[in-house]
Structures are given as C-alpha cells and as structure tokens.
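K.L.:
Here you go, one structure.
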Amino acid sequence: MAAAWQDVVRDAAAVREAAAVAVDAALLAGVLMRTGEQPNASDVVNYAPFTLLPSAVPRALFEQAYAVQQDFNLLVDAVSQNKEFLEQTLASTIKVDDFTARLFRIYMQVLEEGLAQTVFLGINRSDYMFDCGLDGTAALRQIEINTIAASFGGLTSRTADVHRLVLKVLGKSEEASRLLPNNPAKGLALGIAKAWELYGSQRAVVMFLVEEIQRNIFDQRCVENELWNRNIRVVRKRFRDVFEQGSLDASRRLFVDGQEVAVVYYREGYVPQIYDEQNWEARLLLERSRAVKCPDIATQLAGTKKVQQELSRPGTLEKLLPGHPEAIARIRATFAGLYSLDEGEEGDRIAATAIADPDRFVLKPQREGGGNNLYGEELREVLEKIKDSPERTSYILMDKIKPQPALNYLLRAHSPLQVSECISELGIFGVYVRQGRELVLNQPAGHLLRTKATEHADGGVAAGVAVLDTPYLL
C-alpha cells in the first residue's frame, strides 16, 4: 500500500465514514451490477464490488503496459491472419480439447468457403501482474491476453471518480488530483464505430451478442450508450435469437429479425457450457457472414493459452512480426516463463518439474472467464492424473507470479468491512481495426485494475473474487 494510506488503513472511524460515502458514490456514478438473485432484472441492483482505496502501482510498469499495447494489437492481428501458425500451434490441443476443436473446425470451414468479411475489429485486454524479485524490484509480467468479451471497460470508466471522492473525504485532495482519467468505454466504442462506418451501411445495426443471464449489463450499457450518442443503432441478441431469426442474403449480409447487422460484438461465446447444437449453428452463421465480428473466430483462437505459450518460444515473434524488432523486444520483456505440456521429452520433463514443485507454477486450461486455473496441491493432483495421457496437451504451464501484497478494504454488498491483504492485476484495453490488409486504427483504449485478497488464487470480478480498483501511480 502506498505510504500515503498507512495512516488511514488502521483508523476505524475514518474507514467507516469513507466506506459509507464510497458506496453511495458508486451507486450515484453507476458502478452497478444486477443481483445474483435477480440477474436479469434492473429494478433490483447493487454496486459492483470495489476497493475503498486506490491501489499503488509503479508508474514505470504502468507506462510500460500502455506502451506495449499497440504491439500486442499488431501481434494478435498477425496471428489471426496466419493459418499455418494456428494449424501447427493448435494441432495437439484440438485432439484433446473438444471446445477448441469445434471453434477450429468452424475457422477452417469459413476459410475454405472464402471470407466474406473485409473489415476486422479487435478489442483486446492484456492482463499483467507485478512480479516482485528477490531484491524487491517489481517487473511487469503478462498473465494473458483476452481477445473475446473483455469486460469491465464500462464500469471502470466510472470507478476513478468514486476513489477521487474517497480520498478527498479522507483529507487527501492532492492525492485525489493525481488519479488518472480513464474511459475505456469511449475507446471501445470508437473501435466499434470505426468498424461500423467502414462496413458502409447507415441502416445497419451493431449487435451485442449477450448471455442468457446478464448480471453485468451496466458495464455493456456504458459502451452501448457511447454508440447511441454517435447515432449508431444497437440491438442486444442471444445465440438462440440468431438461430431463430438470423439469415444471410446472396452477398452474405447478415440479417437478424429483419435488421442488417454491420458489427457483431461478442459478450458471450467464450465458454463451452453455453454451446448446444443450435448455438454452434448460430456461431457458424455469424462467422460465414460479411458482418464485422469482434472477434472473428481466428482472433478468438489467437487468444488461446496454447498460442500464448507458443509465442514465448525463441524465434516465434520474429516470424510473426518481421521488420518489427522494437515491438518484439517490448512484447518479450513482459513474458513470464511459459511451458508446453505436449507429448514428448520436453513435456515429460516440465510435468515432472511441476509435480515436484507445484508452488512454482500455474496450470492453465484453454478457457476464458476466470476461475479456471489450478495451483498448488490441486495442480499436482491433476498433473499426476494426466501426466501420461494426451489430455495434458490441453493445458499449458506458467511460472507463478509473486506480487507484493498491500492492505486495503474490499467493499462488497452485504459483507463486513474488514481489512485484507491484497494483490492487484492491471489490464490494458487495446482496439484495432483492419480493412483488407491495412490497419486503419491501432491504439490503447484505457485500463482496468482489479484487486483480490491473497487468500484467493484465481478468479475475476464476474467470478465473484476480484473487485474493481483504480491505480495510484508511484
């Protein structure tokens, strides 16, 4: 925790007063989620969980994360266009991971038919932690890159105002003035609007593809409202709506319920549980269409953990980004140790190392959405079970990041106010738009800081573990 807050953390009366102000400020600012009891109703809502105090982040690492985001956008786009790389990299994974295999089959089918889509939109979020070395210095280490349904760009646009007020209430107006402005919702909408414009039909709509259960609707509404402010029509549909109401015309323009769709913005589609045969058919229809998909299926595959691991191999970045040595150096500087569990001598050796010393590593399946990674004894048990099976190739192994904990209060509805030892994860949103081979937009679009108590190994805000936060740069 920043030295500036040391006097606050143990002052129970000041904390109680600030927490009451913070909760009301969050409700006023629209830092909201629907309740677990009524996840599809907006007449009963509560504040999204957040920290009482903004968390300290090293300024140099924060600036490094922003500086490399355009490079990561470039890299994801390059991977999505490289059929040979995706085929080779995912060859072992698709033999044992049915979900990735099904996505890959659609990818190949669409390529064989010939892409109707000519404009491509990427909304990524690259997530980092601050690894504390033995000498006490911190290094920026990438956890993952999210290429589909990267969330909380809306709510985090409103969280800094809450923390500014809290600091003022605590007599720290000067510190409050140092909190950075942050509006990912506007940045994400800028990318969607550019893709909509390049699609070239004023009548066409932007379709948010959303979940059946929509607790996090207000986060999406922030982006939605930015589009409405630009006079771009937005509709919200589920996979089953696409199955029941969707069609393609002779030039493969997508129509859903009679409306032409220019951009499909996925806030759903990243977990296997939601796909039944109808939903897979709907996904194929979307991918075959001329509509701009965010992401298209190639970009979703580019965000898999197996691709992340392969990118860390010596020489891989050079093949994907020829002529960009500075970008490659910036990207590589953020990599943690990543290891393949493919069958063979290398995979055998890595599996044995992790079983012998599980606390050094994180075991990651090809899944998004938080709460999927394995640690410690659980990691050991799973690897013991699958070490001699092809199933192990559906995972990758990563060095465990060891950040420096700090004290904070995590404000959650109906939870007691108590101090916790916490660690934070910084996400940088990036947006790019490509028309044909030309990149017409490539920029960072804001940041997201999430913080959780050290007792929890894994899980994000939507998973109910982490809370929203604001960086206080040191």
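Each Cβ is built from the backbone N, Cα and C atoms, and glycine gets one as well.
Grabbed the feature section from TrEMBL, which reads as follows:
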type    : residues                                             : note
BINDING : R125, 148-151, 214-216, Q220, 267-270, R450, 461-462 : substrate binding site
BINDING : E144, K305, 364-373, Y375, 398-401, E425, K452, D458 : ATP binding site
BINDING : E144, N146, E368                                     : Mg(2+) binding site
DOMAIN  : 204-302                                              : domain 'Glutathione synthase substrate-binding'
K.L.:
If you count other CB atoms within 10 A of each CB, which of Y270, Y375 wins among these binding-site residues?
P.N.:
Y270
K.L.:
Would you kindly give the Cα-Cα distance separating K452 (ATP binding site) and V461 (substrate binding site), rounded to the nearest Å?
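P.N.:
One finds 9 Å between the Cα atoms of these residues.
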K.L.:
Starting from the Cα of E144 (ATP binding site), work out which of the binding-site residues (R125, S151, R215, Y270) are within 10 Å.
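P.N.:
So the list is R125.
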K.L.:
Using Cα-Cα distances with a 10 Å cut-off, which of the binding-site residues N146, R215, Q220 are near E368 (ATP binding site)?
P.N.:
N146
K.L.:
Among all the protein chains here, how many other CB atoms are within 10 A of the CB of S151 (substrate binding site)?
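P.N.:
A 10 Å sphere around the Cβ of S151 (substrate binding site) contains 20 other Cβ atoms.
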K.L.:
When the Cα of K400 (ATP binding site) is compared with the Cα of each of the binding-site residues N146, A149, S151, E268, which one is closest?
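P.N.:
Out of the listed candidates, the nearest Cα belongs to N146.
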K.L.:
Look at each of the binding-site residues, P365, G371, and point out the one with the fewest other Cβ atoms around it within 10 Å.
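P.N.:
Per-residue Cβ counts within 10 Å for the binding-site residues P365, G371 bottom out at G371.
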K.L.:
K452 (ATP binding site): which of the binding-site residues R125, N146, A149, Q220, E268, Y270 have a C-alpha within 10 angstroms of it?
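P.N.:
Those near K452 (ATP binding site) - Cα within 10 Å - do not exist; the answer is none.
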